[in-house]
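> Please find one structure pasted underneath; my questions will follow.
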Amino acid sequence: MNSSSEIQNQKLSSQLDLDLDFEFDQPSGKLRLRDLLDISPTLTEASGAIIDDSFTRCFKSNPPETWNWNVYLFPLWCLGVVIRYFFLFPARVLILTIGWMIFLSSYIPVHFLLKGHDKLRKKFERYLVELICSFFVASWTGVVKYHGPRPSRRPKQVFVANHTSMIDFIILEQMTAFAVIMQKHPGWVGLLQSTILESVGCIWFNRTEVKDREILTKKLRDHVQGAENNPLLIFPEGTCVNNNYTVMFKKGGAFELDCTVCPIAIKYNKIFVDAFWNSRKQSFTKHLLRLMTSWAVVCDVWYLEPQNIKPGETAIEFAERVRDIISVRAGLKKVPWDGLLKYSRPSPKHRELKQQSFSESMLRRLEEK
Amino acid sequence: MGSASSVLTQYDIEEVQEHCSNLFSQQEIVSLYQRFCQLDRNAKGFISADEFLSVPEFAMNPLSQRLLKMVDGLNFKDFVAFLSAFSGKATTQQKIEFIFKVYDSDNNGKVSFNDILEVLRDLSGSFMSDEQREKVLRQVLQEAGYSKESYLMLDDFIKIQYVLSHDFLNCSLYCLFKKSVNYIDAKVGSQLGSFQVGTKNGG
């Protein structure tokens with residue numbers, strides 16, 4: 001039983017440590033009409049996918065359970081709404097405005113006046129970015145607990161974290177000024193990206209441009225080599241996931257740069273608000289407003305032990321190993337899907353594998369007497 | 001999604017149950033409705049082909065285009081009726097009827113040589129030539145007592161009495177939902193070139 005597709009399956013199965021059930025559980029014996037007409041395994045798989053699939057689950061918002069369904073709880077909840085929208089929210093907006101004023105009044109002078117003294121200017125800018133991020137976090141009453149040793153500035157290291165929302169970046173940035181690699185967004189976010197984040201050394205990419213990849217890899221490599229640059233932060237999932245699951249990490253980028261990878265695990269506590277940014281359902285502004293009108297955003301951040309690629313390990317295996325470390329730490333379930341399937345269809349290669357297996361089985365059994 | 005049950009009244013549930021010949025329990029219908037609302041992103045009342053194809057596991061299936069023709073644009077009642085063949089309570093005959101419907105794409109009540117050939121084409125893709133497919137089909141048809149010109153009716157399908165796969169016979173909504181709860185811990189992911197692998201735990 002050694003057709004090439006079976007060998008491929010076995011390799012795949014052993015690597016993934018699971019049993020892939022393919023269409024025909026290797027039935028043998030002469031091919032009869034009944035076998036040819038029996039498409040039930042394929043149909044079962046298709047219906048299984050229609051009824052429930054793990055990919056869609058990753059992007060489902062799971063809001064915390066409502067508790068205001070009672071005669072005395074409901075007025076309490078109403079009171080809470082009043083406090084949140086009419087007291088907390090304006091106070092937070094005020095804090096944020098003050099923060100921005102302080103930031104802009106310090107940043108602009110520093111940026112222009114210290115043009116010549118690069119090192120000093122960068123130091124100030126770094127501090128100011130950390131400051132404005134702290135203001136942001138305060139504006140949604142972020143209760144963030146950091147565990148583990150704080151990131152240090154060294155060359156040849158890259159930080160990776162799981163991704164739930166754009167606020168991941170802000171939460172991490174308030175502790176250490178990272179340079180991040182991000183998708184360029186439209187609107188006011190894009191404006192912020194091109195002005196302020198440029199100064200910490202952020203790198204932009206366009207998801208839809210495939211040729212971008214090589215230029216990107218080169219940029220990343222250059223950044224990592226420079227000792228003066230801010231530590232690089234990458235979100236290898238490539239998209240926002242709902243903080244109950246992790247999708248597959250992209251091997252390109254973080255794991256192929258020949259440097260140490262330091263994993264960071266972020267877990268949000270849904271007790272007051274669900275921090276997952278469902279980019280299909282709401283804009284970032286709405287998402288921020290939702291955070292600012294809730295009681296608090298509670299999360300834990302773990303800085304985990306730096307990892308190096310082991311000899312004989314491929315980049316993909318390395319990426320999966322790091323994903324395992326992060327998922328275990330943050331209590332997330334792993335799912336074997338590529339996050340970018342949110343925007344595109346799966347490659348035809350998997351379907352072709354099934355077709356190949358079917359064809360080989362048919363032809364083989366036809367020969368049997 | 002949490003408010004799905006409040007949108008579906010008891011009367012609605014009973015109507016859907018009747019439409020699918022009571023093959024699903026009320027709880028199953030509620031769960032299916034939650035899933036329907038999840039796939040139907042802008043609450044149009046039906047799921048478009050594009051939304052079905054956004055489920056990668058479905059898009060990867062060789063018969064997805066065929067099933068899509070049957071399920072595209074169905075409202076919730078018909079969606080449940082479509083899935084009723086997969087209920088644990090469906091009889092073997094009902095399951096065979098479903099398979100017959102998949103083959104009989106032009107809905108004329110009979111399955112011709114070409115119909116079977118089409119399905120074979122979906123299942124084998126570019127790994128078998130048309131000649132090979134015709135040869136296989138002609139041979140097995142002959143051995144079963146049919147010819148290239150015969151038309152197979154539903155009764156023929158039942159008579160052929162093929163051994164339906166264990167999964168299909170015993171599958172129930174519970175199994176299909178349950179499988180995705182224990183999603184596997186892929187210890188080491190792999191990408192052969194650029195394709196992704198979808199998997200499920202064996203119930």
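Glycine residues also receive a Cβ, built from the backbone N, Cα and C atoms like all the rest.
Positions annotated as transmembrane segment by TrEMBL: A:69-87, A:93-114, A:126-146. Annotation source TrEMBL lists domain 'Phospholipid/glycerol acyltransferase' at A:157-269. Annotation comment: TrEMBL describes A:347-369 as region 'Disordered'.
Could you give the neighbours, burial and distances for every feature on this list?
Here the transmembrane segment (A:69-87) has Cβ contacts under 8 Å with residues 293-295 of the same chain, all six or more residues outside its ends.
Beyond the transmembrane segment (A:126-146), the same-chain residues lying 6 or more positions past its ends with a Cβ under 8 Å from any Cβ of the stretch are 88, 92-93, 95-96, 98-100, 102-103, 106-107, 110, 167, 170-171, 173-177, 196-197, 199-200, 230, 288, 291-292, 294-301, 303.
With helix defined as DSSP H, G or I and strand as E or B, the domain 'Phospholipid/glycerol acyltransferase' (A:157-269) counts 37 helix, 30 strand, 46 coil.
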> Could you give the residue numbers and ranges of same-chain residues that sit at least 6 residues beyond the transmembrane segment (A:93-114) on either side and whose C-beta is under 8 angstroms from one of its C-beta atoms?
120-121, 124-125, 128, 131-132, 134-136, 138-139, 196, 199, 292
> Would you mind giving the whole-number mean pLDDT across the domain 'Phospholipid/glycerol acyltransferase' (A:157-269)?
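Result for the domain 'Phospholipid/glycerol acyltransferase' (A:157-269): average pLDDT 84.
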